[in-house]
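Undergrad: Before we start, here is the structure in question, set down as structure tokens.
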Amino acid sequence: MLVYWLDIVGTAVFAISGVLLAGKLRMDPFGVLVLGVVTAVGGGTIRDMALDHGPVFWVKDPTDLVVAMVTSMLTIVLVRQPRRLPKWMLPVLDAVGLAVFVGIGVNKAFNAEAGPLIAVCMGVITGVGGGIIRDVLAREIPMILRTEIYATACIIGGIVHATAYYTFSVPLETASMMGMVVTLLIRLAAIRWHLKLPTFALDENGR
């Protein structure tokens, strides 16, 4: 039940992040709605299509789709000045949503009888897929291709989750919580101390 409600929170926060980016780009209401929804459900959609294990999650149960749409519309109406929001709020809630989405992705892969490598990949895709679609539609460099410790947190958390379950036979729910906590802590540490990955850069001479 806790994971269910955290999933709802994550869906809402991801939708808000899409709407805020659309607002900065001065999109019309339809564009705002599209960016909010694809950010919230895009990763899970890619995952379910890749696993080909039953219908896409929001087709089977439209709760997440409804949450994404309602959150997007409410954000359009209520958040006219994003600067009034505490700076820590969205990044922290985004970190919670990211951790939950990674855990859900790994679980779904294992339930589809996938191996640990694919499970970790599906967890990462669930966590970052929507953001990639959002940034591509907005013609921005996706966050995971920048120096932010974002996908890295997903990968490490997913590995902990998959290893605990597949190698050490930890119950799936317990392994899921372990992976979520690791993902969350890494992401929060990156936010708190502005941790970034080193960059790969070449000058004009290729040096």
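Just so it is clear, glycine is given a Cβ too, placed from its N, Cα and C backbone atoms.
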Undergrad: With Swiss-Prot as the source, do N111 and V136 lie on the same side of the membrane?
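TA: Swiss-Prot topology: N111, V136 on opposite sides of the membrane.
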Undergrad: What residues elsewhere in the chain lie close to the transmembrane segment (1-21), defined as a C-beta under 8 angstroms and at least 6 residues from its ends?
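TA: Same-chain residues near the transmembrane segment (1-21) but 6 or more away: 32, 35-41, 63-64, 67-69, 71-72, 75-76, 79, 82, 90, 93-94, 96-98, 100-101, 103-104, 130-131, 134-135, 138, 140, 176.
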Undergrad: Can you say which of 86-106, 113-133, 149-169, 171-191 has the most Cβ pairs under 8 Å with the transmembrane segment (30-50)?
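TA: Per the Cβ count, the answer is 113-133.
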Undergrad: Pairs 6 or more apart in sequence, C-beta under 8 angstroms, 3 or more of them: is that satisfied by the transmembrane segment (171-191) and the transmembrane segment (86-106)?
TA: yes
Undergrad: Considering only Cβ pairs under 8 Å, which range in 59-79, 113-133, 149-169 makes the most contacts with the transmembrane segment (86-106)?
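TA: Most Cβ pairs under 8 Å with the transmembrane segment (86-106) come from 113-133.
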Undergrad: List, by number or range, the same-chain residues at least 6 past the topological domain 'Periplasmic' (51-58) whose CB is under 8 A from its CB atoms?
TA: 41, 44-45, 64-65, 108-109, 111-112, 114, 122
